[in-house]
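Scroll down for the structure; my scribbles are underneath it.
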Amino acid sequence: MLKKKAIISQKSNKTAERKTGKAVKKIRRAKKNIATVTGMRDILPQDQKYWEKVRQVAKQISIDYGYDRIDTPVLELTELFVRGVGAQTDIVEKEMFSFTDQGGDNLVLRPEFTAAAVRAYIQHGMLNQIQPVKFFYLGPLFRHEKPQSGRYRQFFQFGFEAIGEENPALDAQLILMGWNSLNDLGIESVIQVNSIGCMSCREEYKKVLVKYYKAKAKLLCESCKTRLTKNPLRLLDCKESGCQELKDDAPQILDYLDDNCKEHFMKVVGYLDELDLPYVLNPYIVRGLDYYNRTIFEYWAIDDVEGKNALGGGGRYDGLVTMLGGREDTPACGLAMGLDRIVAKMREKNIEVPDKRVDVFVAQLGDAAKKKAMLMYENLRPNGSFTIAQAFHKDSLKKQLELANKMKVKFTLIIGQKEVGEGTIMLRDMQGGVQEVIDFNKIEKELKKRLEKYREGAVIDLTADEEEKESSTEIPEEDVADLGDLGDDLAAV
Ligand code: AMP
């Protein structure tokens, strides 16, 4: 009996242990560091200067060519992309982050901008404005793709859309704008141009294309076998080697364009020639979205000969406004550039982007000086001509000056107990190491004057100007002593 009891208690001990073990594991799991969602990433402070540079260039291009910024919501109704991008496309079929919200609406994180821009054009009655309506946008997009180099589930695009005009000059100008944005960033690229004609010439072409590929269906990759019935144009841009070989002998769309489409395309190409842009006619680019017609294009970095990581692309989409319920026959054209890939290319090519410039550092020693420095900082901040930094959370002057050095500021303003009493401030030229005591009320003027000389490239000899010397002399020995360890710190910098 006793033995039986002992066995039972051993068993229950083990169960208890197992339960505790599970609970510990659960807690450990709960405590595990939480990382980003697969395919999404942080853009850290040290990388921001590249992103900012791309945003700046994009904004400048939008100003240069008269495109106005539009921001559309990150969430849209699923219907918008099913109708706009096309139910049979990879984006809609496989890649949308979609969910039903509490109210029962089917929503998606936007996978692209164009359909949203057209929705906004229709929703806000922009048809009544001067045409084309020209949009510029910039922001994150979401596609549930297989993550790999240059392919993320959250990525960023900037782009331009011109809605309400069919003139081929617009196609050419958009192509130019995308190329210019890369060129302004120092990235060499080659434009790949094609025309996929209008609905009627494309239907004709699809028939001969399917006929060609059907005869070779056994040699196609699995995805292309499906494309054969669902989206035959995509057969042409498959990157599988077997399919690549087949496309060499495939019929080419340019031979099937009707007269109007041919004429439109010839005009676009004529403008590209006139603008002396580096482009190639590439009959194999088709783009993955249903709404395109006529001119389509992509930007490939000069060393990306197979176009594995296109930096951007776009084209004409004359039917999209109608497909989304807008007025019939509203032509449109646009392009989108991928920021992630552009930034990666800039880094790969060691394209320099200067660090954020800080001109002046405000350092302080002692409680009264800290208060005065904080106030002075607020007065100097909106000066409009130079940038300033501080570290008011630090008490040690040495540490503040080390920081100023690290920031490579041109000047440091130092305020201690003595300066507070006298209404002065010490101005240190960080390059020459020369210090002067100047009147507190003249700080802004003095800094502007000195920084201007720096920017002109002049070497400043602060002791050369006799008049300046009167109001601003080098800090005397006894003042250094009054500043306590300030003197030592300055000597150490
Ligand atoms: P698309 O909207 O597919 O025409 O893409 C336009 C540009 O956006 C591409 O050329 C890429 O530079 C960029 N892009 C598209 N999808 C991704 C992705 N999943 N990750 C990173 N960049 C992308």
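Think of each number as a place in line: the chain as shown, counted from 1.
Glycine is no exception: its Cβ is also placed from the backbone N, Cα and C atoms.
Annotation for Tyr292 (L-histidine binding site): same-chain Cβ neighbours under 8 Å, separated by at least 6 residues, are Ile196, Gly315, Arg316, Tyr317. In this structure, Tyr292 (L-histidine binding site) belongs to neither helix nor strand by DSSP; it is coil. Annotation source TrEMBL lists L-histidine binding site at Glu112, Phe113, Thr114, Arg143, Gln157, Glu161, Arg287, Tyr291, Tyr292.
As annotated by TrEMBL, compositional bias 'Acidic residues' applies to 463-493.
According to TrEMBL, the domain 'Aminoacyl-transfer RNA synthetases class-II family profile' annotation covers 39-354.
Positions annotated as region 'Disordered' by TrEMBL: 1-21 (among others).
Annotation comment: TrEMBL describes 462-493 (among others) as region 'Disordered'.
Taking a Cβ distance under 6 Å to any atom of ligand 1 as the criterion, the binding-site residues Glu112, Thr114, Gln157, Tyr292 reduce to Glu112, Gln157. Local packing around the Cβ, expressed as the count of other Cβ atoms within 10 angstroms, is greatest for Thr114 among the binding-site residues Thr114, Gln157. Thr114 (L-histidine binding site) carries a helical DSSP state (H, G or I).
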